[in-house]
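K.L.:
Per Swiss-Prot, ATP binding site is recorded for 8, 9, 10, 11, 12, 13, 14, 15, and the stated evidence type is sequence analysis. Per Swiss-Prot, the feature GTP binding site maps to 57, 58, 59, 60; the stated evidence is sequence analysis.
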């Protein structure tokens, strides 16, 4: 039996994740009081369900504090347990609530939206450490859907999934990064007018960067560091390791580096590549990721 648990901050996109899992054939349970988690799993296992997705969050009230202990108990009950924790920056969450005109579950006439978000973040801090964290700040709903589909694919495979994620420092460091490397010291193709509209996946940018010796040296240093420590992360029984590569705008250098590294590890572990900021060159500001 495979269980996928979904938790996270209100407004981070949990309902989108559940819809993707439901479309993929999972039996979905939303807004389950965390105190009923073990009882639900026992019932569904007895009924013959093989793939189940359950959302547990602050709507469970104070019982959410017991979730870490329940998750540990659950690990001994099922063959495969995966946990996704969705989060986003405060400014992103505020913008989403403003756009959708929904009320935060912890907000009322005496508690502002800012304060409600902080209270929820504090209350879920221990829950966030239980599984794979996804930072949905500044992304489209379709991008989140693709991420969840990647996660489902990783859940179907054994062992660790290594994720290389490019980003732009001017948009903030991804909240879900395990390792962060800064490549802003490398020459920037942005200042070449012909390369400015391209990304690090385009051949012109690749040729530009591969002519610079420092680029190759830094790429090899990062590769060696990840390779040296990857066995330790694998021994820790992690499902995901997210390596974030950042440049100024997340369009050229970091994209190139993430792609380069992904190719070097593709024959060792399952590899996923995400580019958080590169799409900004052709997209307007993304719409809110609606959902809980």
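Cβ atoms are placed via backbone N, Cα and C, with glycine included.
I'm curious about the neighbourhood of these features; can you describe it?
P.N.:
Under the three-state DSSP scheme, residue 14 (ATP binding site) falls in the helix class.
Cβ neighbours within 10 Å of residue 58 (GTP binding site), excluding its own Cβ and spanning all shown chains: 21.
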K.L.:
Are there residues of the same chain, six or more positions away from residue 9 (ATP binding site), whose CB falls under 8 angstroms from its CB, and which are they?
P.N.:
86, 87, 88, 93, 117, 120, 121, 124
K.L.:
Using the alpha carbons only, what distance in Å do you get between residue 8 (ATP binding site) and residue 57 (GTP binding site) once rounded?
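P.N.:
The Cα atom of residue 8 (ATP binding site) is 6 Å away from the Cα atom of residue 57 (GTP binding site).
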K.L.:
Using a 10 Å cut-off, grab the number of neighbouring Cβ atoms around the Cβ of residue 10 (ATP binding site), all chains included.
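P.N.:
Taking all protein chains shown, residue 10 (ATP binding site) has 25 Cβ neighbours within 10 Å.
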